[in-house]
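S.K.: So TrEMBL lists these for the protein:
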- His53, His55, His110, Asp127: Zn(2+) 1 binding site (BINDING)
- Asp57, His58, Asp127, His165: Zn(2+) 2 binding site (BINDING)
- 11-165: domain 'Metallo-beta-lactamase' (DOMAIN)
Amino acid sequence: MELIRIPALNDNYIWLLADADHQCIIVDPSESEPVIKIINQKKLTPVAILLTHHHNDHVGGVPQLLTHYAKLPVFGPAETAKKGTDHLVTDGDSINIGSFYFNVIALPGHTLGHIGFYQAPYLFCGDTLFSAGCGRIFEGTPEQMFQSLERISALPDDTLICCAHEYTESNLKFAHHIWPENEAITNYLHLIHTKRQKLEPTVPSTLKTERKINLFLQCNNSDLQKKLAIKIDKPSLRATFTLLRQLKDQF
Ligand SMILES: [Zn+2]
């Protein structure tokens, strides 16, 4: 398999996964032109579009792609029905096309219907988990987002976090602000800053890395809880997560 990352719009990534037969799936095409360009360059045959949620910066390129590649199936949650999806999928479904076999995982929080697509080691998680951060909670509750991150966290260490935005450096600045003594976060911030100075991408990340540098996956860490000065005797993980997310929104 070859994983291809296509920069789009301001800070979006569109993902392509191509197999040995040059068939590929397209994930969250915010635009069509850069996708068509890469498909032509690499002589790929698209076999499906996968959509994680309904926001325009994830589905904007669908109509043009469907004009270009007739009869291309589009898989997505019910909230994407008006965005071109003709195969509605939900938690527990699998998508089997050629050598692709994706499990659909419900990841509500950013939007109510948000889903992820997992085929080891690739996780296309849209706007749920970002490198060093997580998505804003627009439609769901902190409880839902926390549970969605827990589901991702249950995947193996070598899972590739294929998220839809280049937000890593700003997420790390927030993490460093909250927890300046955390060496893993400080070191990673320096590494990522250097990469971004050269305009290099910082994703996919691995779940192993995220467990070390992503505050939202460390809500059970008592040092982090102390940092947040949570004034509860035994802060619940959910309370820690909710406070972190509020602080990030205000940062
Ligand atoms: Zn979104």
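Positions of Cβ are set from backbone N, Cα and C atoms, glycine also.
Quick one: how deep are these features, and who are their neighbours?
M.R.: In sequence order, His53, Gly126, Asp127, Thr128, Gly135, Arg136, Ile137, Phe138, Glu139, Gly140, Met145 are the residues of the chain that are 6 or more apart from His110 (Zn(2+) 1 binding site) and have a CB within less than 8 Å of its CB.
DSSP assigns Asp127 (Zn(2+) 1 binding site) to coil in the three-state reduction, outside any helix or strand.
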